[in-house]
Amino acid sequence: MEHLSNLEQPTTMDSYDFQKLTNDENLQGTESQVPSGSKSASTNGLLSAASSAAGSSFGLTPSAILQQKHENAQQGKKQNNSKSFSKKPAIDVHSEDAFPTLLSKTGPSKPRIVSWVRKTASNTSVAGSDSVSRDKIPFSASSRASSTKSTLSSVKETDFVTETLILSPDNQAPRMSFVGKPNSVAEIVRTVMHQTSTRINVSTASKTKNTTFLIQGKTSAVKAARRQILKLIGRRETKTMPCPVFVVGAIIGTNGQNLKSIMDRTSTRIQIPKRNNTANESSDDAKKPEKEENSAASTLDDLEPQYEMTTITIEGDFEGVELAQKDIEAIINERTSNTTVRISHISTELYSLLRGPDGKNIKELEEGRDLKVQIPFAYLDPSAPVNPIVLSGEKSAVRECALYLQGQAEELLRTTIPTMLPIPRRQHRFINGEKGVGIQDILRKSGCSVILPPINGDSDVVSVRGPALNISEGIRLTLERANSTIVDAVNITTAYASSKNPFDIASIVARLFLRSRKLIPLEEECAVQYHLPKREELQSNSNKTVIIEISGKSQEAVREGRAKLLALVNQFPESKFYKVTIDPLLQRYVIGSKGKNLQKLRNEHQVELLVGEYGEEDPDVIVCYIGADDGKSPDQIQKELADLAESVKSSAEASAKIVSEIIQVPSVYHKHIVGPKGTTLNAIIGKSEENVIVQLGKVSYRPDSTDDDVYIRGFSKDVERVVSEIKQVVRDAKNHEILHSHVEEFDFPAQYSKNVIGKNGSNVSSLREDLGVQINVEEGHIRIQGIKKNVEETAARIKSQIEALIDDTILRVNIPNDFHRQLIGSNGKYVRRLEEKFSVRVRFPREDDSSNSTGNELMKPTSPDEVVIRGGKKSVAAAKQELLELYEYEKSIAYTSTIDIPSKAVSRVVGRNGSTVENIRTQFDVKIDIGDVSTEETTPVSVRGAKADVENAIKEISAIAEEVKNLVEKVIKIDREYHRYLIGPNGSKLQNTIKECGGSTDKTETARLISFSNGNSEEERNSVVLRGDKEIVEALETRLLEIVEELKNQVEEKIEVPQRCISSIIGRMGSTRRDIERKTSTMLNIPNVLDPEETVTITIVGSPENCEKAKEMIQEKVASQYTQMITVPDTVYESIMKGILMKKLRSDLKVFVDTPEIKPVQPTEVVLEDHEDGVFPWKLVTHDYTGSSSSEWAVRGHKENVEKAIASLEKSIKQVMENCIAYLGIPTNLHRRIIGSGGSIINKIRKIAQVKIDVPRTPGDEIVVVQGSRAGVVKAKDLIFERLQENQNQE
């Protein structure tokens, strides 16, 4: 057994120690139990009587042998650690000297053949082999005294195993004696042997002091004995480890099962600090906060979530502590693998570009990854908080996606430019389109994003952002959508100007239009749309007008829609409305079940009631007369409406008596009335929630209320009950501890336990959250603890659920399988309708029922004809009756017809992957059976269903078969060199040719219609095969030959262009080049020349006249690239760029200005005049734009347009340099005098003086700013002062 202690064992445990076990006199006392002269020692080992006779027979006792082998093993380790690599002698595993046999009491027996194996080794020695090479039994590479090693030996004859446990002195519990004490090693090992039915031999090496335990027995018993030895003898230690708080519930498990399992398996004691009922929560409850905790990561630089931590303490032997630690770490790692990141540093202007058209980019990012990307929609509102991008999922995927989005954002900031467009707010909805389709369409077509201001804001500015080459197209599409609809607005408030409160009447009319949908017929008649104000706008105190917007495609339609709207508004004078106050709790009686009362009033009295328009607390009900006047006077109509309103109110009050009561409860007890998350109040109100209102403390609309008030209002009997229960709760709250100690337990049928708990504990968790109780469910028993009222409500709900489960019934109905399809209906619509109607579940047989063993076996049909129905007894019976009636009906209308079709047409009838026949089945709701295709010319097709549907399906099948009969095949000879010209880029020319000949452009149909041969012979390669309808084939043949003839007559033309113009000729992604080729029916060959100083020779292939057209288009592109430079002082850079001149040059002259990147230079301010004295102080200043630096701007476009643009730039530069600014100090209260009614005066001054005048709107700001030429500014100043002087003279 020399090698036994050296076998390497994979272990995750720390090293162990034991004190030396000596073979002293105490051991000799055990030898007397063995008869004298016996030649064997019991394999119970040292503790079960090591025989002196055996010692004389072999020279050494088993313990001495083991001790000697320990010493030899240590010597072997030293040799292994030396630098010599001499070959080790082989070990004879059957040697009696090396491995002495321990004989039984009955006499000697044959040596037992054992196989010493490593736990992780894949190669094991076979029992019965003569010897085992030392190389096959590796020694430990190092002599770690603290390591724990074990080997396993399986004995084939008895199914026993042998395991060796070696403990170093450091890993043994201190002050442990071998024998003689109750807690000695001998007593401990004897107890373990008795408990586990194993045999254990113990020895200690004299040099290393390592203690070896040789354990024999069944596998499970050996493992249990090993664990007990480590628990009782091994070194004790205590470890602490951090743990996220939200994972504690998962570690504990349901009713502590997980924690108990870990402690039992590892023989440890685990302590978890108490924290807000953490120890009582189940593992299912623990899963809920996991997502919240994982949402902690908020920035790109910190993707690791920051969890609230607690400390877990583990006590036990050193191996058990480490095993328990690993189990807990596995649970923690499992529940912290995901994370969530919020990215808020990316500009919201880039969100649409990052999202892509219709979220295309998001789908690509999420595809194939455990990742969820949420990029919100952005609005042009700098004051609004940033709505961040949210990434959720697996950590590495989230980090990768975050880095990618940041890179994309930086790239977009460099390669895109924003443009602000002032567009009236009323047109924003047309840019956005329904559900944002307009903005997505612009993004898809131009690559530019459009950002609108918030709906509730007052800004008119729309932002368009995209690449510089595409921004003009994005602006064009945006303006096109904005101007695609004509908009008009009608202020209906003016129709009620004579009323005391025109806004109230106009808002009632608007609400009536919203409720009664009276504008829909006008919209259909006039081809317009009416946009009514929102209810919030009609309720606003600041809004004093009701505006209805009209939009349409033509001015005439909008004008007609306006006239119709005004006519409709005039039909509803103020006399047709009457307001009555009805308690909100009574309003549901006014409405009636499903609105029956409102419908009755509408039919009998021609009135419409506007109920609860402004929320549940709105007591106002508006009675609107919508019938004809019939000659009645306004007073008569008002009287009739008043009588009807009082009748409605009296009827509602008669339906239920509303009372209110206020009880005084000290505010400190209000929290007990409400309960955790409102649970107690919910339990008190119960099913009377719609009939009772409970308000605690002071409220604004009851001025006399106090902090101690509890206000209850509702139906009298419900108010009486709620008051009584609130008083009881307050009484109970005085002793809070007793209140929460109420417990209710009851038994129920054990088979319903999983139904009470719910999937993943969902039912129990829901009750805990709603009613704030603790629930423990065991097999057939439930225990509920919490507030008495909550416990009673919880028990009532669970008992109700159990009663429903007990009532659960399963019925099996036999219906022929041929009718199942009709009973289920298209997409299961009939069976779903049956399930919803009777609240049952219906299960039809499936094809995989026989192979699929998962799922609910009770609901699985036992035969192909069996239908299973499950639910309440009465519901199941009713569902069965209706199902059988439906079966009888289907059986009575079943109709079958069979036709024969050509066998060659079968594949066309079936279609690719069965698509054609499936479409016919779905379209006509029939069943189609196609016979086996044999060598016969025809194949039978059987169609079953309703007679009309069968006949229609047969017509469809016959049409396909007839089409196949008309198919022909032709082979035409066309030289291979012309094939690519016939096909064109991506098959575009071929598609157009087929379309001209009446064929389909579907790619599948095209591939079937025409094929270009790739044969081996020259004749095959010059062949084109046409296969399809005779007329199309003949037309296609003629057209292809015509095209080939045209190709033979083609010529090559060359044109030279500067290399700098090549990009404009090719266009983005080759679009311009393809456009030229398509319009001129030519092909362009453009060589790759990189030197900008060289010219590029473009070859044009096509007919002579088409080549000339292509030349003209290329020359036009070259002409549009004319460039001229202009010198601009850096001091005017900012003024020119901020103006609208640059936009006008692009839009009007199609000219582009390339400006260098410079830092703007601010001009020097020069004061021309300064008059601080006088009634109105003023100052006139100008700016000195002359500076030492200037830059060259490049102007590109057509030559004549470039010259015009340069003239405009020079003129603008001159105006900027000559501009003056006047600052006029005018008191704020006089500003309206210079503005005039509707801005008439100030606009007149602007027009006369040709200047810009800015009047401040901020209170307290008195400075009026005038900008323009010096003469104009002085003129404007004089006119303003004259106007103010005239007003003073008049006063």
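Including glycine, each Cβ sits where the backbone N, Cα and C put it.
The region 'Disordered' annotation in Swiss-Prot covers 1-45 (among others).
Residues or ranges marked as region 'Disordered' by Swiss-Prot: 70-91 (among others).
Sequence annotations record features per position, and here Swiss-Prot assigns compositional bias 'Low complexity' to 73-88.
Per Swiss-Prot, the feature region 'Disordered' maps to 124-148 (among others).
The domain 'KH 1' annotation in Swiss-Prot covers 166-229 and is backed by sequence analysis. For the domain 'KH 1' (166-229), the predicted model reports an average pLDDT of 81.
Annotation source Swiss-Prot lists domain 'KH 2' at 236-328, citing sequence analysis.
Summarising the annotation, Swiss-Prot assigns region 'Disordered' to 266-303 (among others).
For 284-294, the entry in Swiss-Prot reads compositional bias 'Basic and acidic residues'.
Among the features that Swiss-Prot reports, domain 'KH 3' is placed at 339-405, with the record citing sequence analysis.
Swiss-Prot lists 416-486 with the feature domain 'KH 4', giving sequence analysis as the kind of evidence.
With helix defined as DSSP H, G or I and strand as E or B, the domain 'KH 5' (575-644) counts 34 helix, 16 strand, 20 coil. If you look up Swiss-Prot, you'll see 575-644 marked as domain 'KH 5', on the strength of sequence analysis.
Helix, strand and coil counts from DSSP across the domain 'KH 6' (658-726) read 32 helix, 19 strand, 18 coil. If you look up Swiss-Prot, you'll see 658-726 marked as domain 'KH 6', on the strength of sequence analysis.
What Swiss-Prot lists as domain 'KH 7' is 741-798.
According to Swiss-Prot, the feature domain 'KH 8' maps to 808-883, an assignment based on sequence analysis.
Positions annotated as region 'Disordered' by Swiss-Prot: 845-865 (among others).
The domain 'KH 9' feature in Swiss-Prot is assigned to 894-957; the stated evidence is sequence analysis.
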Is it true that the domain 'KH 5' (575-644) and the domain 'KH 4' (416-486) have 3 or more CB pairs under 8 Å, sequence gap of 6 or more?
no
With Cβ distances under 8 Å as the criterion, find the stretch in 166-229, 339-405, 658-726, 1050-1114, 1219-1280 that has the most pairs with the domain 'KH 4' (416-486).
339-405
